[in-house]
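Per TrEMBL, the features are:
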- 18-37: transmembrane segment (TRANSMEM)
- 89-511: domain 'Major facilitator superfamily (MFS) profile' (DOMAIN)
- 141-158: transmembrane segment (TRANSMEM)
- 170-193: transmembrane segment (TRANSMEM)
- 200-217: transmembrane segment (TRANSMEM)
- 223-246: transmembrane segment (TRANSMEM)
- 251-269: transmembrane segment (TRANSMEM)
- 336-358: transmembrane segment (TRANSMEM)
- 370-394: transmembrane segment (TRANSMEM)
- 400-417: transmembrane segment (TRANSMEM)
- 429-447: transmembrane segment (TRANSMEM)
- 527-555: region 'Disordered' (REGION)
Amino acid sequence: MAFTDLLDALGGVGRFQLIYTALLLLPCSLLACHNFLQNFTAAMPPHHCRGPTNHTNATTNDSGAWLRAIVPLDQLGAPEACRRFTEPQWALLNPNTSVHGVATESCKDGWVYDRSIFPSTIVMEWDLVCEARTLRDLAQSLYMAGVLAGAAVFGSLADRLGRKAPLVWSYLQLVVSGAATAYFGSFTAYCAFRFLMGMTFSGIILNSLSLVVEWMPTQGRTVAGVLLGYSFTVGQLILAGVAYLIRPWRWLQFAVSAPFLVFFLYSWWLPESSRWLLLHGKSQLAMQNLQKVAAVNGRKEEGERLTKEVVSSYIQSEFASVRTSNSILDLFRTPAIRRVTCCLMVVWFSNSLAYYGLAMDLQKFGLSIYMVQALFGIIDIPAMLVATATMIYVGRRATVASFLILAGLMVIANMFVPEDMQTLRTAQAALGKGCLASSFICVYLFTGELYPTEIRQMGMGFASVNARLGGLAAPLVTTLGEFSTVLPPVSFGATSILAGLAVCFLTETCNVPLVDTIAAMERRVKEGRSKKDAEEKSEEISLQQLGASPLKETI
């Protein structure tokens, strides 16, 4: 008997599972706000050099004729963002006058920002423009580095301390670091606290997913995984609305962090995973939690009949054959596992790189950033519905490969759309982002089915690390646009197509039983090759017989 049989006896997917899942997915939806928060807190407004302070006219507003006298115009007729005349060109106060070959210099007295859309951002506050422009992308990369570090720290703590304790701490850490980010006035402090916030992303996602899956019977896990994906979609829509209503970046930062104080308070009452408790010899506490579950699900009598011996008997069968000494080398030790791991490294890294490369640079489309954010969230809904259907009826491999290749082609094709066709560019990018979001959800399931039980958790963790590396690299690839505007889209599109091709080397897992050991997986692969070789040999013999038939002689 398996532990899921016990959950079925206590009500299956009952009231407890629904409430528990909702309480854990609500923080996940707001957590998505932090992933894309820098689209608004670090928005780049139009700007130009401030006029020299040693001129009497500098006290006037740097606009109109005065602006023409101090800042040269670019090819589009807009003020240069990073250069000004060394001396004001008073002749340019006459709009019919032009000058050529006049010396310019960098913005020694700071910048003037257009505050019509964003009253304040970190770009305005710390002048992250021109030579310091790359620091804006560095801040996002440090956040992603925190996500990577959090996966290692909180993943290890979850195995030793349980799922609940790291989750409760992550909620508290996010509240404190989010408030500190909004309060302190140093860019260094901002980056440090954003790193800590990134760590909490991993702590919340990994432990929330583990708790939902470990309390959910088998028939409810697929739905729970899909709901997790939709919680991120809801979070993106929430961010678009909150950012539209709250424009100053510090108040926006605080607004999306403060709700986690509520999550921190009610998380104390969430029960720990009974699976983890039983695995670590805490059968009494596990039994008490299961009795509470039974009472909530209307199965109080079944819960009262539980004993420590009965509960322990359900879990023993699941852990009796699990190895206790697995290492990361097991992911590369045998040919079949090595091929799976190498292909998934490419898929997870490339998927994350392209996804965050598209989703973290919304201003380039030239439309309302709030509308684009909402569009990028809404497109995930039909895309994930299509992905779910194709995974069931077509297969995992074809679904993931198709979405990745289609996304890559859309990103590259967007390079050839004229910049004045902003609506088409945005719609095409939104479809590409929807494909990448769908492939992300699919590859989570696909990865879990590809690895055998004894190294499945390790394989999922290793794949997640590669995704975090892709997210970390995405802002750095975006900075390549400073040298050539074609480099970022080519990089994002090419890696996505490469990942789609890598998926073709993986084995289809739709309607295929999961394997439990590495040895069993190697046997399955060898049997599959032997069967394929036998079919090819049989087909070759049939063709030879056809070639020697009387039919050929009569032709």
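Any Cβ shown, glycine's included, is placed from N, Cα and C.
Here the transmembrane segment (18-37) does not lie next to the transmembrane segment (336-358) in space: the count of CB pairs under 8 Å, restricted to residues six or more apart, is fewer than 3.
Sequence-distant contacts of the transmembrane segment (200-217) (same chain, at least 6 residues past either end, Cβ-Cβ under 8 Å): 4, 7-8, 12-13, 16-17, 20-21, 24-25, 27-28, 31, 34-35, 146-151, 153-155, 158, 163-164, 166-167, 169-171, 173-174, 177, 224, 228, 270, 273-276, 293, 464, 468. A contact links the transmembrane segment (170-193) to the transmembrane segment (251-269), because at least 3 Cβ pairs that are 6 or more residues apart lie under 8 A. The average pLDDT for the domain 'Major facilitator superfamily (MFS) profile' (89-511) in the predicted structure is 84.
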